[in-house]
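All remarks here apply to the structure that follows.
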Amino acid sequence: MKVVAIFLASCVLFSLIPTHLSHEEPKVAPTEELMFAPSNQPRYCRSRQVFDGSCTDRGTPRTTCFLDFLGARSASEMPKNCDCTPQPNNKRLCECSVICTDCCVKN
């Protein structure tokens with residue numbers, strides 16, 4: 001009787017081994033992959049704005065204009081590649097690339 005119990009226990013244990021050793025990742029259906037893929041790419045336009053102060057008031061000229069645009073506009077415009085041009089009367093002209101109002105280019 002002990003031999004039969006040991007044999008059955010061994011069979012059960014050995015039948016479980018292949019399921020624990022297979023570490024395959026579940027396959028993702030192509031439709032699920034497309035659901036999470038970005039369908040639109042943001043389109044950037046150059047935008048200008050005049051601010052008070054010099055180009056180095058808040059660090060480098062690029063940083064100063066970047067921070068000016070963030071403070072004066074919505075962060076969703078995502079300013080980048082900013083340039084600063086000193087102007088008369090302690091002013092600065094900031095020009096940054098921001099997301100255009102029509103936003104995105106369809107793929």
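Each residue, glycine too, has its Cβ placed from N, Cα and C.
The structure displayed is predicted, hence computed values, not measured ones.
As recorded in Swiss-Prot, the features of this protein are as follows:
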{"type": "DISULFID", "residues": "Cys45-Cys100", "note": "disulfide bond"}
{"type": "DISULFID", "residues": "Cys55-Cys84", "note": "disulfide bond"}
{"type": "DISULFID", "residues": "Cys65-Cys94", "note": "disulfide bond"}
{"type": "DISULFID", "residues": "Cys82-Cys96", "note": "disulfide bond"}
{"type": "SIGNAL", "residues": "1-22", "note": "signal peptide"}
Given the disulfide-bonded residues Cys45, Cys55, Cys100, which lie within 10 A of Cys94 (disulfide bond) by CA-CA distance?
Cys55
Cys82 (disulfide bond) and Cys65 (disulfide bond), Cα-Cα, nearest whole angstrom:
6
DSSP secondary structure for Cys94 (disulfide bond), reduced to helix/strand/coil, please.
strand
Could you tell me which of these disulfide-bonded residues, Cys45, Cys55, Cys94, has the greatest number of Cβ atoms within 10 Å of its own Cβ?
Cys94
Could you give the Cα-Cα distance between Cys100 (disulfide bond) and Cys82 (disulfide bond), in whole Å?
15
Count the other Cβ atoms sitting within 10 Å of the Cβ of Cys96 (disulfide bond), across every protein chain shown.
25
For the disulfide-bonded residues listed here, Cys65, Cys82, Cys84, Cys100, which shows the highest count of neighbouring CB atoms within 10 A?
Cys65
What is the nearest of the disulfide-bonded residues Cys45, Cys82, Cys96 to Cys55 (disulfide bond), using the Cα of each?
Cys82
From Cys82, Cys84, Cys96, the disulfide-bonded residues whose CA lies within 10 Å of that of Cys45 (disulfide bond)
Cys96
